[in-house]
Amino acid sequence: MELLCCEVDPVRRAVPDRNLLEDRVLQNLLTIEERYLPQCSYFKCVQKDIQPYMRRMVATWMLEVCEEQKCEEEVFPLAMNYLDRFLAGVPTPKTHLQLLGAVCMFLASKLKETIPLTAEKLCIYTDNSVKPQELLEWELVVLGKLKWNLAAVTPHDFIEHILRKLPQQKEKLSLIRKHAQTFIALCATDFKFAMYPPSMIATGSVGAAICGLQQDDEVNTLTCDALTELLAKITHTDVDCLKACQEQIEALLLNSLQQFRQEQHNAGSKSVEDPDQATTPTDVRDVDL
């Protein structure tokens with residue numbers, strides 16, 4: 001008799017606690033969220049060696065690592081929060097940027113994952129340009145500069161608070177959530193969103209997700225303007241600011257899709273058997289505008 005071990009243990013999750021979705025929790029998140037934002041636009045006043053395109057490159061690499069390791073959705077935005085806060089206070093040579101990104105993923109996965117990423121695995125993703133001991137030493141450096149304040153508020157903390165207040169059918173919420181999570185990951189790769197309050201990014205992402213799905217009449221129960229006003233009311237956000245944020249998110253998605261299609265076109269001669277490389281955030285190709 002042949003025995004096959006095909007069982008895959010599902011991720012064990014706690015039962016949703018309604019107490020964590022009460023208005024007082026949302027208000028507390030709104031009160032403290034700006035404590036964890038970068039204090040300045042560090043490319044102008046702190047970093048002399050690192051340019052915005054370098055941040056975008058390391059962010060894309062970090063996102064691909066998180067996707068391949070099937071990390072929780074919160075890990076990547078949280079890691080980018082650590083990276084931006086560190087760079088806002090510490091001049092860093094560009095040769096250490098990938099090391100910093102690996103350390104930030106290491107810390108974020110410890111906070112959000114049941115089984116966190118290991119130092120050895122992260123070093124493999126750097127093509128062994130970083131050694132495990134070096135990563136562990138830098139872990140202490142980053143922790144010290146962040147003053148051990150790791151429980152940062154991210155856009156994901158607001159998603160469930162927002163969704164439960166929307167007049168949407170429950171069976172549609174999972175699709176809206178999935179698209180909103182994609183937008184949040186996309187925003188984390190672009191520095192212009194680094195100093196936006198997480199609540200605004202979350203609200204804009206949900207709004208962009210629903211408006212992008214408006215071809216489905218069952219999803220679109222409100223006009224986009226009415227939806228924006230409702231979302232702004234939920235998170236106490238200025239309507240005009242929210243509209244501007246949502247437009248920037250949609251423009252970022254469009255640019256990402258165009259870039260992906262261009263890369264596909266350039267790789268037209270590539271063998272069909274070659275694996276598809278992650279060049280765009282999770283499920284971006286499935287999002288409609």
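All positions are counted from 1 along the displayed chain.
Here the Cβ of each residue, glycine as well, is placed from N, Cα and C on the backbone.
Taking Thr92, Thr280 one by one, Swiss-Prot attaches phosphothreonine to Thr280. Helix first, then strand, then coil: DSSP counts for the domain 'Cyclin N-terminal' (26-151) stand at 85 helix, 0 strand, 41 coil.
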